[in-house]
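Student: Would you mind keeping the following structure in view while I ask a few things?
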Amino acid sequence: MSLQKLMEPEAGTNRTAVAEFILLGLVQTEEMQPVVFVLLLFAYLVTTGGNLSILAAVLVEPKLHAPMYFFLGNLSVLDVGCITVTVPAMLGRLLSHKSTISYDACLSQLFFFHLLAGMDCFLLTAMAYDRLLAICQPLTYSTRMSQTVQRMLVAASLACAFTNALTHTVAMSTLNFCGPNEVNHFYCDLPQLFQLSCSSTQLNELLLFAVGFIMAGTPLVLIITAYSHVAAAVLRIRSVEGRKKAFSTCGSHLTVVCLFFGRGIFNYMRLGSEEASDKDKGVGVFNTVINPMLNPLIYSLRNPDVQGALWQIFLGRRSLT
């Protein structure tokens with residue numbers, strides 16, 4: 001059965017089910033659309049290029065064949081996926097001057113966006129666990145963070161994220177949309193679609209809060225707990241150089257964690273706000289464009305190993321070690 005069938009209005013009503021949505025986009029003036037197109041295209045090329053460069057460095061550079069960089073490579077794949085789910089479709093709409101998206105395509109975009117964002121939550125938690133073992137239990141680090149454990153953590157992240165995305169998508173498909181169909185955003189997401197539903201969204205919003213607490217709250221608590229132990233261990237290091245190295249490996253990850261969870265809480269924990277849509281556009285740009293574009297810079301800026309590997313890739317040389 002088509003997902004669209006699930007949202008048809010009840011028999012006996014004169015309302016017509018919405019077959020497509022109109023995404024209003026970032027700007028509605030035609031004069032600004034070419035500017036937005038150029039900026040988004042530039043951001044997409046920079047983001048995909050930067051993250052794929054990080055992935056290539058992790059794959060080909062022996063110095064980066066470590067658990068921390070294994071997770072970083074997976075994070076780069078997620079960043080490419082996140083921006084690819086939203087930006088190319090928007091670029092296509094800007095070129096064709098067609099702002100509509102079918103109902104099924106909207107739900108598909110919703111599913112894949114939450115799949116990738118959910119994986120981010122748990123992958124960042126796995127990276128915090130990796131730093132905890134590396135700094136607090138260095139003698140048993142190699143056995144506790146074996147390749148099998150690494151793959152299991154990534155697989156568990158995927159399974160949890162898939163369950164979360166499927167839950168929200170199925171719950172959304174049970175809502176009725178009878179018009180209006182204008183989404184004040186540039187991609188399909190839960191808060192904006194809730195505003196358009198002609199049936200009650202109380203259960204959906206309750207589900208979003210409950211699952212959001214599990215998907216974001218639990219990883220955030222685990223990350224804070226891990227880094228409290230890491231901070232205590234680092235402060236016990238007598239060598240200034242040792243402290244500096246430990247903080248540098250954790251600083252990049254903490255920056256990404258703050259950016260990721262901060263915008264997630266702002267976006268999904270304030271449903272019901274009448275002025276939410278315009279603010280959500282800015283948050284959406286940060287989620288799908290700026291954050292994935294910044295991550296390669298954040299992780300390579302203070303990491304000489306990553307910088308060296310990137311230079312070797314760009315210059316066409318391989319490390320001999």
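Glycine residues also receive a Cβ, built from the backbone N, Cα and C atoms like all the rest.
From Swiss-Prot, for reference:
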- 1-35: topological domain 'Extracellular' (TOPO_DOM)
- Asn14: N-linked glycosylation site (CARBOHYD)
- 36-58: transmembrane segment (TRANSMEM)
- 59-66: topological domain 'Cytoplasmic' (TOPO_DOM)
- 67-88: transmembrane segment (TRANSMEM)
- 89-109: topological domain 'Extracellular' (TOPO_DOM)
- Cys106-Cys198: disulfide bond (DISULFID)
- 110-129: transmembrane segment (TRANSMEM)
- 130-149: topological domain 'Cytoplasmic' (TOPO_DOM)
- 150-167: transmembrane segment (TRANSMEM)
- 168-205: topological domain 'Extracellular' (TOPO_DOM)
- 206-229: transmembrane segment (TRANSMEM)
- 230-246: topological domain 'Cytoplasmic' (TOPO_DOM)
- 247-270: transmembrane segment (TRANSMEM)
- 271-281: topological domain 'Extracellular' (TOPO_DOM)
- 282-301: transmembrane segment (TRANSMEM)
- 302-321: topological domain 'Cytoplasmic' (TOPO_DOM)
Student: Counting Cβ pairs under 8 Å to the transmembrane segment (36-58), which of 67-88, 206-229, 247-270 comes out on top?
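Tutor: By Cβ pairs under 8 Å, 67-88 leads among 67-88, 206-229, 247-270.
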Student: Hey, which of 67-88, 110-129, 150-167, 247-270, 282-301 has the most Cβ-Cβ pairs under 8 Å against the transmembrane segment (206-229)?
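Tutor: Highest pair count goes to 110-129.
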Student: Which one is it: of the disulfide-bonded residues Cys106, Cys198, which Cβ has the fewest other Cβ atoms within 10 Å in this structure?
Tutor: Cys198
Student: State the non-local partners of the transmembrane segment (67-88) in its own chain: residues 6+ outside its ends, Cβ under 8 Å from one of its Cβ atoms.
Tutor: 40, 43-44, 47-48, 51-52, 54-55, 58-59, 109, 112-113, 116-117, 119-120, 123-124, 126-127, 130-131, 134, 145, 150, 153-154, 186-187, 249, 284, 287-289, 291-293, 295-296, 299, 306
Student: Can you work out which residues elsewhere in the same chain, 6+ from the ends of the topological domain 'Cytoplasmic' (130-149), have a Cβ less than 8 Å from its Cβ atoms?
Tutor: 67-68, 71, 226-227, 229-230, 233-234, 246, 249-250, 253
Student: Looking only at residues six or more beyond either end of the topological domain 'Extracellular' (89-109), which have a C-beta under 8 A from one in the stretch?
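Tutor: That would be 2-4, 7, 18-25, 33, 36-37, 40-41, 44, 169, 172-173, 177, 186-188, 193.
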Student: With DSSP, how much of the topological domain 'Extracellular' (168-205) is helix, how much strand and how much coil, in residues?
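Tutor: Its residues divide into 17 helix, 2 strand, 19 coil.
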